[in-house]
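Per TrEMBL, the feature active site, schiff-base intermediate with substrate maps to Lys204, Lys256. Residues or ranges marked as 5-aminolevulinate 1 binding site by TrEMBL: Arg214, Arg225. Residues annotated as Mg(2+) binding site in TrEMBL: Glu241. Positions annotated as 5-aminolevulinate 2 binding site by TrEMBL: Ser282, Tyr321.
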Amino acid sequence: MTGSFPDARLRRLRQSPAVRNLARETDLLPRQLVQPLFVREGITEPTPIGSMPGVLQHSLDSLRRASVDAAAAGVGGIMLFGVPAVRDPLGSGADDPQGILNLATAAVASEVGTALVVQTDLCLDEFTDHGHCGVLGAPDASGTPTVDNDATLERYVAMALAQAEAGSQLLGLSGMMDGQVAAVRHALDAAGHTQTLLLAYAAKYASAFYGPFREAVDSQLSGDRRTYQLDPANRREGVREALFDEAEGADIVMVKPAMSFLDVLREVRDAVSIPVWAYQVSGEYAMIEAAAANGWIDRRGAVLESLLSIRRAGADAVLTYWATEAAGLLRDR
Ligand code: PBG
């Protein structure tokens with residue numbers, strides 16, 4: 001202090017919109033957003049998802065329209081999830097070329113595949129009758145079914161080939177099986193799909209914030225995913241997963257959920273040299289929508305601040321259920 005005046009006036013950089021524009025450290029752009037979309041087999045009209053107001057289970061037709069809207073809004077990609085009419089222990093619908101996800105991928109890829117990156121979730125949980133992300137093996141000592149890692153890898157390889165054949169440009173490996181990136185990369189390369197991108201959900205935590213998603217895909221799961229998804233207590237283990245996935249050949253790694261794992265996101269960003277994405281999951285969406293519906297929070301402000309914060313923490317791109325809408329808000333601003 002000199003006399004009674006501050007030596008440093010940090011507010012100088014905040015004095016006007018023009019100065020604040022020059023001083024802004026982080027940007028949020030439509031191309032950095034990816035829109036997840038659900039497509040359900042056997043429906044002709046889209047169906048609302050109660051726990052995710054504003055999000056729909058699409059029919060093939062409404063999915064095509066939503067994909068065109070996303071492309072027109074300038075978002076970077078769409079991530080497709082399938083909701084099959086019939087499920088079985090092996091998740092046979094996942095690698096069936098006539099399965100809902102593969103049919104939808106083919107339809108959408110021919111429509112918007114040059115305007116944005118068409119992406120597919122590569123996991124068995126939507127397709128199995130037990131709801132786990134893989135094939136079940138022998139029960140453990142307590143009688144709980146376990147997921148057989150290596151048998152599941154064979155299913156992921158079959159699924160990867162079917163998705164690439166259908167026209168998916170980027171496969172989102174979200175099952176958290178060991179060795180999944182290497183197994184899928186080798187199989188794709190051997191089949192000539194050398195340009196298919198792999199997004200590894202490296203640090204995917206066993207999170208309570210996936211709750212609304214389970215309704216979105218009519219999940220059959222009883223029990224939990226704690227023998228394959230990460231313990232929310234573990235930061236170092238998330239970084240370790242990301243380093244393994246990078247070494248196995250992942251093109252991009254993901255941290256998920258986003259808002260309750262921003263520390264992991266920052267650390268992963270610093271640890272790897274490939275792009276890092278984050279998934280703002282269904283529970284994060286539902287929380288803000290519910291608070292806004294009650295008039296407890298400014299919806300537009302909270303949506304954009306949440307996305308900006310995920311970018312600031314280190315995400316190069318963000319999967320968010322608001323992608324298309326947020327792209328519009330960013331353009332109008
Ligand atoms: C697995 C998958 C899940 C989500 C995305 N991919 C469910 C899970 O692991 O339990 C959750 C996404 C969300 O909550 O928005 N196919």
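Our numbering is plain: 1 for the first residue shown, then up by one each step along the chain.
Placement of Cβ uses the backbone N, Cα and C atoms for every residue, glycine included.
Quick caveat, the model's predicted, so the values are computed rather than measured.
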(message) Taking the Cβ of each of the recorded positions and counting other Cβ atoms inside 10 Å, which one has the highest number: Arg214, Arg225, Lys256?
(response) Lys256
(request) List the binding-site residues Glu241, Ser282, Tyr321 whose Cβ sits under 6 Å from any atom of ligand 1, in sequence order. (result) Ser282
(request) Measuring CA to CA, name the entry from the recorded positions Lys204, Lys256, Ser282, Tyr321 that ends up nearest Arg214 (5-aminolevulinate 1 binding site). (result) Ser282
(request) Round to a whole number and give the Cα-to-Cα distance in Å for the pair Lys204 (active site, schiff-base intermediate with substrate) and Ser282 (5-aminolevulinate 2 binding site). (result) 14
(request) Only counting partners 6 or more residues apart, tell me which same-chain residues put their Cβ under 8 Å from the Cβ of Ser282 (5-aminolevulinate 2 binding site). (result) Ser51, Met52, Phe209, Tyr210, Gly211, Pro212, Phe213, Ala216, Tyr321
(message) Can you tell me the CA-to-CA distance separating the residue listed as 'Mg(2+) binding site' and Arg225 (5-aminolevulinate 1 binding site), as a whole number of Å?
(response) 16
(request) Round to a whole number and give the Cα-to-Cα distance in Å for the pair Arg225 (5-aminolevulinate 1 binding site) and Lys256 (active site, schiff-base intermediate with substrate). (result) 14
